[in-house]
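Pulled from Swiss-Prot, these are the features on record:
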{"type": "BINDING", "residues": "His83, His182", "note": "heme b b562 binding site"}
{"type": "BINDING", "residues": "His97, His196", "note": "heme b b566 binding site"}
{"type": "BINDING", "residues": "His201", "note": "ubiquinone binding site"}
{"type": "TRANSMEM", "residues": "33-53", "note": "transmembrane segment"}
{"type": "TRANSMEM", "residues": "77-98", "note": "transmembrane segment"}
{"type": "TRANSMEM", "residues": "113-133", "note": "transmembrane segment"}
{"type": "TRANSMEM", "residues": "178-198", "note": "transmembrane segment"}
{"type": "TRANSMEM", "residues": "226-246", "note": "transmembrane segment"}
{"type": "TRANSMEM", "residues": "288-308", "note": "transmembrane segment"}
{"type": "TRANSMEM", "residues": "320-340", "note": "transmembrane segment"}
{"type": "TRANSMEM", "residues": "347-367", "note": "transmembrane segment"}
Amino acid sequence: MASLRKTHPLIKIANDALVDLPTPSNISAWWNFGSLLGLCLITQILTGLFLAMHYTSDISTAFSSVTHICRDVNYGWLIRNVHANGASFFFICIYMHIARGLYYGSYLYKETWNIGVVLLLLVMMTAFVGYVLPWGQMSFWGATVITNLLSAVPYMGDMLVQWIWGGFSVDNATLTRFFAFHFLLPFVIAAATIIHLLFLHETGSNNPIGLNSDADKVSFHPYFSYKDLLGFVIMLLALTLLALFSPNLLGDPENFTPANPLVTPPHIKPEWYFLFAYAILRSIPNKLGGVLALLFSILVLMVVPLLHTSKQRGLTFRPITQFLFWTLVADMIILTWIGGMPVEHPFIIIGQIASVLYFALFLIFMPLAGWLENKALKWAC
């Protein structure tokens, strides 16, 4: 008689995704980040749920309620620190996951990749509205600056901004709706994640050499379930260390001051994981141009599959494109640094060069390198 996990309608779904899933035997630790993102999402939903039990989304009490959570709620300080730093780990994992996809050509699974880009946008949106909730100075001014960007939309920009604000400035209505969105979006992300996995399991996983692995597959459990478990332990250890030893390392000191619409902080900047996009936004002097550049800095990922010119899938055997990939990584680091710097010489020009290079690598250099490597292969033969 067949076992229950193979016959029960519900358990069968979990079995096909987590136990009997045929997995390429040679996938490396770079394939761990998908499951780590799942762990991050679950951690964020659970800690967020407990925070929501004590938080009040009213401008007169929001800041005090966060203080109350940290001082009076049992382990409230821990829940808040894990939630705040968990967001950073979420983005570390998501950027590593995307980098893996770019390096090994996983983007050729177009549906999976495009839903992944939508997931990235949803996570960014969730993190942005979440950052506003403590109602500190950087929360308030960050919300003001970023929502104000929508005023660059032709004809309906100002109306759009006021509609999002729920008034003529970032106020109580804004905070209330941002809390509602911040509560709702993680569940939308969870649903999109299931669709992401559904499309992935239609094709099966890619692997480091980019070749068809049908001839060499192993079951997901126990081989990769234990490998994922090791990843969980390492990430949870790192998150715990950060949350317990230096919980405010990645935050902005400005956010310890309650929001004051009459005092502008000297440097308004988002959390570290948005700095690269913020640098691209600031590198264009025109408001609408900057907003479009900001949007395309993420949406450019959607055109990557269309610009794949190489006969090989990954970069494992493609040294020229490898060099360009690591140039992109260095460029992202430079953009992140520039995003946190004041708008003055020499940071302006460095940011502009880095922004041009960012788009050039995706749209020009990488497709060209793929074409060149095809030619080199022909000559070598």
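Quick reminder: no glycine exception, Cβ is built from N, Cα and C everywhere.
What Swiss-Prot annotates, mapped onto the structure for a quick look.
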residue: His83; record: heme b b562 binding site; DSSP class: helix
residue: His97; record: heme b b566 binding site; DSSP class: helix
residue: His182; record: heme b b562 binding site; DSSP class: helix
residue: His196; record: heme b b566 binding site; DSSP class: helix
residue: His201; record: ubiquinone binding site; DSSP class: helix
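The stretch with the most CB contacts under 8 Å to the transmembrane segment (77-98), chosen from 33-53, 113-133, 226-246, 288-308, 320-340, is 33-53.
At the 8 Å Cβ threshold, with sequence separation of at least 6, the transmembrane segment (178-198) comes into contact with the transmembrane segment (33-53) through 3 or more pairs. Contact between the transmembrane segment (113-133) and the transmembrane segment (288-308) is present: at least three CB pairs lie under 8 Å, with pairs separated by 6 or more positions in sequence. Shown are the binding-site residues His83, His196, His201; of these, the residue with the fewest other Cβ atoms within 10 Å is His201. Here His182 (heme b b562 binding site) is positioned 23 angstrom away from His97 (heme b b566 binding site), judged by their C-alpha atoms. Between His83 (heme b b562 binding site) and His196 (heme b b566 binding site), the C-alpha separation comes to 24 Å. His196 (heme b b566 binding site) sits 21 Å from His182 (heme b b562 binding site), counting Cα to Cα. Nonlocal intrachain contacts for the transmembrane segment (320-340), taken as residues 6+ away from its ends with a CB within less than 8 angstroms of a stretch CB, comprise 95, 99, 102-103, 269-270, 272, 274-280, 282, 310, 347, 350-351, 354-355, 357-358, 361-362, 365-366, 369-370, 372-373. For His182 (heme b b562 binding site), applying a Cβ distance below 8 Å and a minimum sequence separation of six or more within one chain yields Gly48, Thr126, Val129, Gly130, Leu133.
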